[in-house]
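These notes concern the structure reproduced below.
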Amino acid sequence: MEKEDLKLLNKGEEEEMELHGYRLCRWRLALVGFGVLCTGGFLLLLLYWMPEWCVKSTCTRTTARDAEVVLLRSTVRSNIYVRFRLMLCQLFIRYFTFHSTKYYWNHELQNFQVLMKLFFGVNEIAVKVPSVFKLLIKEVLNPFYIFQLFSVILWSADEYYYYAVAIVFMSVVSIATSLYTIKKQYIMLHDMVTAHSIVRVSVCRTNKDIEEILSTDLVPGDVMVIPNNGTIMPCDAVLVSGTCIVNESMLTGESVPVTKTNLPNSVEGEGDDAYNTEEHKRHTLFCGTNVIQTRFYTDELVKAVVVRTGFSTAKGQLVRSILYPKPTDFKLYRDAYLFLLCLVAVAGIGFIYSIVLSIINKVPAKTIIIESLDIITITVPPALPAAMTAGIVYAQRRLKQSGIFCISPQRINICGQINLFCFDKTGTLTEDGLDLWGVQRVENSSFHLSEENAYKENLVKSQFVACMATCHSLTKIEGQLSGDPLDLKMFEATGWILEEATEEETSLHNRIMPTVVRPPKQLLPPEPASSSERDMVHTSAYEIGIVRQFPFSSALQRMSVVARLLGEKRMDAYMKGAPEVVASLCKNETVPQDFAEVLEDYTKQGFRVIALAHRRLESKLSWHKVQNISRDHIETNMEFLGLIIMQNKLKNETPGILQDLHRANIRTVMVTGDNMLTAISVARDCGMIPPDDTVIIADAHPPQYGQPARITWRYADKPINITLEDMCEADEPKSKEQYHFAMNGKSFATILEHFPDMLQKLVLRGTVFARMAPDQKTQLIEALQGVDYYVGMCGDGANDCGALKRAHGGISLSELEASVASPFTSRTPNISCVPNLIREGRAALITSFCVFKFMALYSIIQYISVTLLYSILSNLGDLQFLFIDIAIILIIVFTMSLNPAWKDLVPRRPPSGLISGPLLFSVLTQILICLGFQIITFVWVQKQAWYTVWTPFTDVCNHSSQLNVSELNNTELDEHNIQNFENTSLFYVSSFQYLIVAVVFSKGKPFRQPSYKNWPFVLSTVGLYIFLLFILFHPVESIDETLEIVCVPFEWRVKLFLIILINAAVFISTKKNLEFLSLIIIDG
């Protein structure tokens, strides 16, 4: 039955969930209510922490159709459960809300789904800032704080007021800090989202009236009028008339203005393709983006049809990803919980031991309960979470000082495990801007020699220069040319001037006034002269107007424009794009025969190559026809004009940083949207692919003409196809590092769909992934994580947001708003931030290990002391606990975490988890050493000749007893039996053991700076050593009374000092031997 009722939500998507239906059961509810009363509310807390238990204990299974309660289980992480109560709307349709999305029951599909086409709701991205009370309740109900509350109540019952107050103070500070941080983050996100989110908009109605409404009332299908002076888009809408210039930095990370054109009309006889956001993004105005300018007809407004609202918009999806991030699963945290369970098991043994011992000695029931429960609070240290985060906080502060900002501190530890880093190419490995290296024109189907530039008198009226001057998406904003950097460089190389019509000029005409480009006067001949180009018209005023623009499409890899020379009746079409694509759309006779060889030669040298083409349009094409024509009619039968060669230089830091990463055994991968051969060339230049290594390109072909999908293999440097068997045979006797796979986005998509098993093998050896779309970059990150890599990603923020967010450690080189999706943002615009991040991650990770081991040993040492003292019905005193936990433990923990990261990246990585043989053996060995020396101390003090059961009248130090003082304290001292020789001896030995363990576990090289460079830690440790030695050899009566220490003979103090010295020596020698063994195991 359960298998039949299992439903999948968001199938195949990131938030795929299993849905189980349940119906409330009255008798189970009554039974649970009785259990809550019997346990004093603890059962209610347990069910609050465990949604799966809550549902199964109060409900019975039923079909999803009849469910009153649903239980969702993440298919990504099988242990994550979420419980929801179904609601009923006015139309008697059942729904529930998950991650700000409503899921309605669909009778036809017999499943829950997002039914946006029927129910829209208010168009707003509501980030509700929870009240302080609500946040407080949620924070306080954390299991850790519940355990602390239990500990405080227990200590108060046992009159341990000082320590209870200290823990309450720490907890209050911790809760207050946490609430302040969470509240601040919510307010910042709320302010970012609500800024300009509610505006007044004009909407066209069916009777052509324009009505002004609030943006919150917009629904899909509304026709929105875009104002002349621009606006912040409150929804996702597709342009149906006019043109807009938009700043999309909120979503893409690039502040370069983008031109958005109206959605082309469908042409008769052609398939009417449905609107797709990805395919038609050049016609889509996305929510949160800033419309800077609009261009329009006089008699027709700039209109856009609303397609998505609220959390369904692009901005809404980004906000959802911030509000509900994918949980990070790290072995360290899983192992930490397992280790805590082990400590709880040890505490359970002590719990039973103390009960049995107390019953044998006929201790009162109240004392039995308090002391047996007290041993649990000793074994599981309440300060552990705060101690564990100290290293992360310090690492975050050091990263900030080096210009790296972090919005997800828990990721710092994970960065310490990174063993593969992906890099975007343009703007990350190479310089942002492109420089024009040269041009190579084509005449009579053959290439001319390459020329440095096109700024020449003899070329000013050529179609080649006309294409360079017109085929772009540049615009003027506040008098400055703005647009894509490549377009900008190309246009500047011509030396031409761009002029746009003003709003007043546009309003005088019944159509959009075109953008006009013209050459500078100094390039034009003084009088009309015959031109070598047959089709160019000679006029004294040489100007070209851009009539229609088909924006660049990453899917089509090209852009084109329709332009008209002043005084000419016929129009011209100009196109630029990827050389292979442009050549395929040109007449074969116009493409030089050596086109492939010339192109390959340039791309191998690392140049960015753009091809240009031109076509004279038919005279029957009027202005209005051009505005409605399909780009497929324009981009065909073109004449090949030549190539523009752009140079994208490596950043100075790139080769050195990649070399450092390779030395540290950190694999590097290039993920770019650029040409394959260009990417391979850059990979070789920067050292990502060594000079002697072979690159094999994998070309995957999807199924077509009845043939199944297939993969072909070829060498990047030789036009030779090879088989998989050839590669396997060649690979066997040679090093695996000699081969690198490269593939483009189309091949990646085909392999992902048809050869998923092959993909895992390819990514193990893949180094260059070219022509990758943004979602494919994310899929590559997931594929690499699927073969157990800890993956880092470095990008410039443009189209890398998904990959940056999905990687274990994503670092954006852009400080724009899009970097809010990246865990780390670098102020330094080069990849030098990558080794810094990994080094700090390793230091923070090692710090977490050191602190965890120290805190575990601290709790066990204290557990041993208390267990031994329980055997004589004694315990540590309140102020002894306070001195150990505050003066020693907290000071040591927060100073031992201050070690900075080591200056170099070493080939060895830190361990990823606590549950490993060497580490567990190390901790267990240290526990046994502590246990052994405490037992020796406990037994040996009882064997001393002067030993007797201590009373206030005992004077083994030959001091005169102050009877009146003793009598005043007699009752209190006898009640708890704190003051005795065993207590004093164990207090001294255990206090020194804490310090010895701290020094032993404060690991330095190769991941952190040596501890002697950590001055706060050195001063704290030395200060505590001096203080303890001082009170050991020179008792001060006031200190002894405060700490409830009794006086012991000097010779016993010397013996205690010898025990401490031998203990330290055994600790240090054992540590060195264990480190040597662990290195042998790792190397083996």
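From the backbone N, Cα and C atoms, a Cβ is placed for every residue, glycine too.
Annotation comment: TrEMBL describes 13-83 as domain 'P5B-type ATPase N-terminal'. Each residue in the domain 'P5B-type ATPase N-terminal' (13-83) gets a DSSP state, and the totals come to 32 helix, 21 strand, 18 coil.
Look at TrEMBL and you will find 29-50 (among others) tagged as transmembrane segment. Long-range contacts of the transmembrane segment (29-50) within its own chain (CB-CB distance under 8 A, at least 6 residues past either end) are made by residues 57-58, 81, 141, 143, 146.
If you look up TrEMBL, you'll see 161-182 (among others) marked as transmembrane segment.
The annotation domain 'P-type ATPase A' is assigned in TrEMBL to 201-322. Computed over the domain 'P-type ATPase A' (201-322), the whole-number mean pLDDT of the model equals 76.
Residues annotated as transmembrane segment in TrEMBL: 336-360 (among others).
Among the features that TrEMBL reports, transmembrane segment is placed at 375-395 (among others).
According to TrEMBL, the transmembrane segment annotation covers 849-873 (among others).
Within its own chain, the transmembrane segment (879-898) has Cβ neighbours under 8 Å at 160, 162-163, 166, 381, 383, 387, 390-391, 394, 847, 850-851, 854-855, 858, 862, 978, 983, 987, 990-991, 994-995, 998, 1001-1002, 1011, 1014, 1016-1017, 1020-1021, 1024, 1042-1044, counting only residues six or more beyond its boundaries. Per TrEMBL, transmembrane segment is recorded for 879-898 (among others).
Within the same chain, residues 849, 853, 856-857, 860-861, 864-865, 868, 911, 947, 981-982, 985-986, 989-990, 993, 997, 1000, 1052, 1055-1056, 1059, 1062-1063, 1066-1067, 1070-1071, 1074, 1078 sit at least 6 positions outside the transmembrane segment (919-941) and bring their C-beta atoms closer than 8 Å to a C-beta of that stretch. Residues or ranges marked as transmembrane segment by TrEMBL: 919-941 (among others).
What TrEMBL lists as transmembrane segment is 985-1002 (among others).
Positions annotated as transmembrane segment by TrEMBL: 1014-1032 (among others). Through the fold, the transmembrane segment (1014-1032) approaches residues 887-888, 891-892, 895-896, 898-899, 988, 991-992, 995, 998-999, 1002, 1039-1040, 1043, 1045, 1053, 1056-1057 of its own chain, all at least 6 residues removed from its boundaries and within a Cβ separation under 8 Å.
Annotation source TrEMBL lists transmembrane segment at 1052-1070 (among others). Same-chain residues lying 6+ beyond the ends of the transmembrane segment (1052-1070) with a Cβ under 8 Å from its Cβ atoms: 925-926, 929-930, 933, 936-937, 940-941, 944, 946, 985, 988-989, 992-993, 996-997, 1000, 1029, 1032-1033.
Sequence-remote contacts of a segment are chain residues at least 6 beyond its ends whose Cβ falls under 8 Å from one of its Cβ atoms, and for the transmembrane segment (849-873) they are 332, 336, 339, 343, 346-347, 350, 353-354, 357-358, 361, 363, 371, 374-375, 378-381, 383-384, 387-388, 390-391, 884, 889, 892-893, 896-897, 910-911, 914, 919, 922-923, 926-927, 930-931, 934-935, 938, 977, 980, 982-983, 986-987, 990, 993-994, 997-998, 1001-1003. Packing against the transmembrane segment (336-360) from elsewhere in the chain are residues 367-368, 371-373, 375-376, 378-380, 384, 388, 852, 856, 859-860, 863, 866-867, 870-871, 914-915: each is 6 or more residues past its ends and has a CB under 8 Å from a CB in it. When Cβ-Cβ distances below 8 Å are used as the criterion, the transmembrane segment (985-1002) is approached by residues 850, 853-854, 857-858, 861-862, 864-865, 868-869, 876, 880, 883-884, 888-889, 892, 896, 899, 926, 930, 933-934, 937-938, 941, 1011, 1014, 1017, 1021, 1024-1025, 1028, 1032, 1043, 1045, 1048, 1052, 1056, 1059-1060, 1063-1064, 1067-1068, 1071 of the same chain, each at least six residues removed from its ends.
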